[in-house]
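All remarks here apply to the structure that follows.
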Amino acid sequence: LAENGPRLLVVAEQAKIFSHRGGNVTLPCKFYHEHTSTAGSGTHKIRVKWTKLTSDYLKEVDVIVAMGHHRKSYGNYQGRVFLRESSENDASLIITNIILEDYGRYKCEVIEGLEDDTAVVALNLEGVVFPYSPRLGRYNLNFHEAQRACLDQDSVIASFDQLYDAWRSGLDWCNAGWLSDGSVQYPITKPREPCGGKNTVPGVRNYGFWDKDKSRYDVFCFTSNFNGRFYYLIHPTKLTYDEAVQACLKDGAQIAKVGQIFAAWKLLGYDRCDAGWLADGSVRYPISRPRKRCSPNEAAVRFVGFPDKKHKLYGVYCFRAYN
């Protein structure tokens, strides 16, 4: 290649894009030649490839590949991703019906003959991070169980960036939990003796990377808004867990998941001082306006515990999905 030849340049106009679950988003990417004003030299066909970067920098997940009129999308991106192609040098990626797993960093690679260049765009989702431990108690999940636990509660395992943002917003939790990169960390805004020492500075404490099969911790989950209605079921009597499940079904809904109560509380400002069953067998209630006898000191999703399913009586929170 001649040194003064048309060197390919790939540019992302924004390095970070914000969206939410269920939305549509465009990740910007355009390509130019340094020594010409045209998009391509005309000698070779342009090949555009989008991949998603993972926490393991040696691995990438294919999203879509395009060359000429040919297009191929992959995995759960099939039918949801397209190239915008608003001009001959536009390689921007459109993602429709965003899911929680779409969060992350994406690489736009443009190849023309022997030349290629890349740009990286981060897709951030508006949402909420919450700590989770199962009925068995704290520190009972290996990494794979932690992933499943989050999925079961309408969420995904949180990334470090998501936990860091939650910490900056005031999240304080003393139990260490798995993150999506396999590390174990916890956020502290109020240093105290049992949580790293009262003389330490606030921050996200890092336990490092642990054996994903053998090591056991809690987990930090992330969820975004939902396409449905979260509500406390008005019922003439308190209910056992099985009765609560049936009451939601009779109302045309399902018993709500932990991720849904956190999303309703954080993103919609849902406030209710009535403790209610959730799908995992826990009992919680969301307080957005702290007041006497209802979380007087802070806005939070209050955790009552995992009561006896057969004998303890509570209300229930339901979720009805929109079609």
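Heads up, the Cβ atoms here are built off N, Cα and C, so glycines get one too.
Residues annotated as disulfide bond in TrEMBL: Cys174-Cys195 (among others). Within the same chain, the residues at least 6 positions away from Cys174 (disulfide bond) whose Cβ sits under 8 Å from its Cβ are Tyr186, Ile188, Arg192, Pro194, Cys195, listed in sequence order.
Of all Cβ atoms in the shown protein chains, 14 besides its own fall within 10 Å of the Cβ of Cys273 (disulfide bond). Annotated disulfide bond per TrEMBL: Cys273-Cys294 (among others), in sequence order.
Taken from TrEMBL, the feature domain 'Ig-like' covers 6-124. Secondary structure counts, DSSP: the domain 'Ig-like' (6-124) has 6 helix, 61 strand, 52 coil.
The domain 'Link' feature in TrEMBL is assigned to 128-223 (among others).
For 228-320 (among others), the entry in TrEMBL reads domain 'Link'.
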### Query
Using DSSP, what's the helix, strand and coil tally for the domain 'Link' (128-223)?
19 helix, 30 strand, 47 coil
### Summary
A correct count of other C-beta atoms within 10 Å of the C-beta of Cys195 (disulfide bond) gives 18
### Number of other Cβ atoms within 10 Å of the Cβ of Cys294 (disulfide bond) across all protein chains
14
